[in-house]
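Visitor: This is the feature table in Swiss-Prot:
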- 15, 16, 17, 127, 163, 191, 249, 294: UDP-N-acetyl-alpha-D-glucosamine binding site (BINDING)
């Protein structure tokens, strides 16, 4: 670290919805010569993922504020004090010019200590319904940023930071116009598999006449591939040229761009990525998400005719098959264009610029 080099500390942990947008901003700041240090949990995915990106880690142990039983509630004051002490030591070691809170349990104690020690705090809320931590810290932060308008009062709508390649895909009008033949369907179950999608989609496709069936790429997580294959075979559909089952997709930008339609959950990052690429989507929100935030995430696009929202309790093979019969490449292209129009492709740059401004620095151009 040089004497003039600025330092950003990113606080984020727990799930990819917090970690991946944090990484996007971290890389943007590094490209501008900033030193970046990450504050996370040793038990979260960030502990293995972030160091692979060449970003040093500091650790805080904290399990959260929401009730998880009587013993956890009794231990909360001790755990919070311990986490605050760990956060204080980390801040003293790193001496950041600005701290960016991207969510996760550790953001609460670390955010409190950031403010109490006089360091500037920038918050970013990824979901359409703010989590408890950000609701509290938003009253103390220098700047508050949101991915969805209205998620927090008096916040700036920047969108969700995403990977650069997602924002650089060809416009949907050109992509869809260049295609012919069967529709292309991408089903994204994520690492957990989305059992409801794995069960309903094969049965829905079986209800379609062979010439009505789209070409399918179905991602389901390594643990669920065998069961998914059995579901397709039970529906009388063999996996081959028109049905490809994959455990993981490395290049999501290309996967989205090559699809006419995506069927998936509606986590904050998924919604942001689909809008950035510009692809038609049928969202089935995870019904047990905290505060049902996946429903309101999906509504942001669905209420503008930029996606379709179906609750899991309403999803059936018959409903899905009937809806698919009514779709054409033109109708899906129109949906994709509306989705793209609602995207915030410069979100990573905007969040980075805010961090730099709060630290009293300038950030050059776009990446």
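Note that Cβ sites are derived from N, Cα and C of the backbone, with glycine treated the same way.
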Visitor: Tell me the coarse DSSP state (helix, strand, coil) of residue 249 (UDP-N-acetyl-alpha-D-glucosamine binding site).
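Guide: Going by the DSSP assignment, residue 249 (UDP-N-acetyl-alpha-D-glucosamine binding site) belongs to neither helix nor strand, so it counts as coil.
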Visitor: Could you tally the C-beta atoms, other than its own, that fall within 10 angstroms of the C-beta of residue 127 (UDP-N-acetyl-alpha-D-glucosamine binding site)?
Guide: 26
Visitor: Look at each of the binding-site residues, 15, 294, and point out the one with the fewest other Cβ atoms around it within 10 Å.
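Guide: Across 15, 294, these binding-site residues, the one with fewest Cβ atoms within 10 Å is 15.
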Visitor: A 10 Å Cβ contact count, applied to the binding-site residues 16, 17: which residue has the minimum?
Guide: 16
Visitor: Would you mind pulling the DSSP three-state label for residue 127 (UDP-N-acetyl-alpha-D-glucosamine binding site)?
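Guide: Going by the DSSP assignment, residue 127 (UDP-N-acetyl-alpha-D-glucosamine binding site) belongs to neither helix nor strand, so it counts as coil.
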Visitor: Translate the DSSP assignment of residue 163 (UDP-N-acetyl-alpha-D-glucosamine binding site) into the three-state scheme.
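Guide: Reduced to three states, the DSSP call for residue 163 (UDP-N-acetyl-alpha-D-glucosamine binding site) is coil.
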Visitor: Can you see whether DSSP assigns residue 15 (UDP-N-acetyl-alpha-D-glucosamine binding site) to helix, strand or coil?
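Guide: For residue 15 (UDP-N-acetyl-alpha-D-glucosamine binding site) - judged by DSSP and reduced to three states - the answer is coil.
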Visitor: Residue 163 (UDP-N-acetyl-alpha-D-glucosamine binding site) has how many other Cβ neighbours within 10 Å of its own Cβ?
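Guide: Excluding its own Cβ, residue 163 (UDP-N-acetyl-alpha-D-glucosamine binding site) sees 18 Cβ atoms within 10 Å.
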